[in-house]
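Going by TrEMBL, these are the annotated features:
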- 43-338: domain 'D-isomer specific 2-hydroxyacid dehydrogenase catalytic' (DOMAIN)
- ILE102, ASN126: substrate binding site (BINDING)
- 136-314: domain 'D-isomer specific 2-hydroxyacid dehydrogenase NAD-binding' (DOMAIN)
- ARG181, ILE182, ASP201, PRO236, LEU237, THR238, GLU239, LYS240, ASN262, ASP288, HIS312, ILE313, SER314, GLY315: NAD(+) binding site (BINDING)
- ARG264: site 'Important for catalytic activity' (SITE)
- HIS312: site 'Important for catalytic activity' (SITE)
Amino acid sequence: MCSQASAESKKIVGVFYKANEYASMNPNFVGSLEGALGIRDWLESQGHQYIVTDDKEGLDSELEKHIPDLHVLITTPFHPAYVTAERIKRAKNLQLLLTAGIGSDHIDLKAAAAAGLTVAEVTGSNVVSVAEDELMRILILVRNFLPGYHQVINGEWNVAAIAYRAYDLEGKTVGTVGAGRIGKLLLQRLKPFNCNLLYHDRLKMDPELEKQTGAKFEEDLDSLLSKCDVVVINTPLTEKTRGMFDKERIAKMKKGVLIVNNARGAIMDTQAVVDACSSGQIGGYSGDVWNPQPAPKDHPWRYMPNQAMTPHISGTTIDGQLRYAAGVKDMLDRYFKGEEFPPQNYIVKEGKLASQYL
């Protein structure tokens, strides 16, 4: 069972990125601090206290002030509040940790399980958003788009400086490391480009989906990496995947490989990526995930060559926000009533971690 909420007032804290002047530009911009998932009136009408902040780091932060007496903490991968074992220990009233989006690795899941907390996310809420973004990044890298864009801004015109490393996607070998919901959607979207599609995962896909996409299963990760012109990271961040792409693994990839990573920044060895982009071992690197987040101004990925990085935006489109806001509201409603969540949403339940985090 989900930790049952009694009829008494609950203190709910949400940590979201600040929208500032952009908050009023779209009425559906609910994923921001100002939008607060669009649930404030609903919560307060039921007698609950709802506090939102973007100030999440350190003992002097606004979040820290509420840790001792909050019942529910809503976090988001796009502006993650790092829920450490120390914070969990201080959160005497905490029952429920909700992720507005997908990916709950900013929470110490083992500590949450040991403390008997429920951790849940809005599974599937922004998988289309992320898969579309990955496809865009593949094309940006393969076509060498960014140098051309920068030329236009800088008043330049040098076709050769772009064309010498611009290719068609057709006929290239593209592999996804991880073929869960996002990985499968990406493979389906790549099918019309007539690529050679490969995937590596703990589990084989449904044979019908394999046939539909034409994707071939590679049981050995390094075997997949050695064949790919483009590698897309679609695996969750776990103890096993943290630092998975280090200097040695990157060296096993094709020289000039293009990498897209919208999964988690810590899956990569930060300096190894910088070195490989500088040497040409990696021909292009694009993603929206960093370690840590927000990325500091001196983060080396900001300044390495052949990168097409952005802040963490792929899963927080307006459409994605509306889906994960609705999912959070649904789970809060179930929590207040003492009802179960949709089974696929649980990351920690009754002291047990979801299989993808084991």
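Yeah, the Cβs are placed from backbone N, Cα and C, and that goes for glycine too.
Those TrEMBL annotations? Automatic predictions, nothing curated.
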Using a 10 Å radius around each Cβ and counting other Cβ atoms from all shown chains, which of the binding-site residues ASN126, ASN262, SER314 yields the largest count?
ASN126
Sorry to bug you, but what's the C-alpha spacing from ARG264 (site 'Important for catalytic activity') to GLU239 (NAD(+) binding site), rounded to the closest Å?
12
Residues with Cβ closer than 8 Å to the Cβ of HIS312 (NAD(+) binding site), same chain and 6+ apart in sequence?
PRO77, PHE78, HIS79, ASP288, VAL289, TRP290, GLN293
Listed binding-site residues (ASP201, GLU239), ranked by Cβ neighbours within 10 Å, top entry:
ASP201
Counting Cβ neighbours within 10 Å across all chains shown, tell me which of the recorded positions ARG181, ARG264 comes out on top.
ARG264
Can you give me the Cα-Cα distance between ASN126 (substrate binding site) and SER314 (NAD(+) binding site) in Å, rounded to a whole number?
8
How long is the line from the C-alpha of ARG181 (NAD(+) binding site) to the C-alpha of ILE102 (substrate binding site), rounded to the nearest angstrom?
11
ARG264 (site 'Important for catalytic activity') to LEU237 (NAD(+) binding site): how many Å between their Cα atoms?
6
Rounded Cα separation (Å) that holds between LEU237 (NAD(+) binding site) and ILE102 (substrate binding site)
12
Greatest inter-residue Cα distance in Å for the NAD(+)-binding set ARG181, ILE182, ASP201, PRO236, LEU237, THR238, GLU239, LYS240, ASN262, ASP288, HIS312, ILE313, SER314, GLY315
25
Please compute the mean pLDDT of the model over the domain 'D-isomer specific 2-hydroxyacid dehydrogenase NAD-binding' (136-314).
97
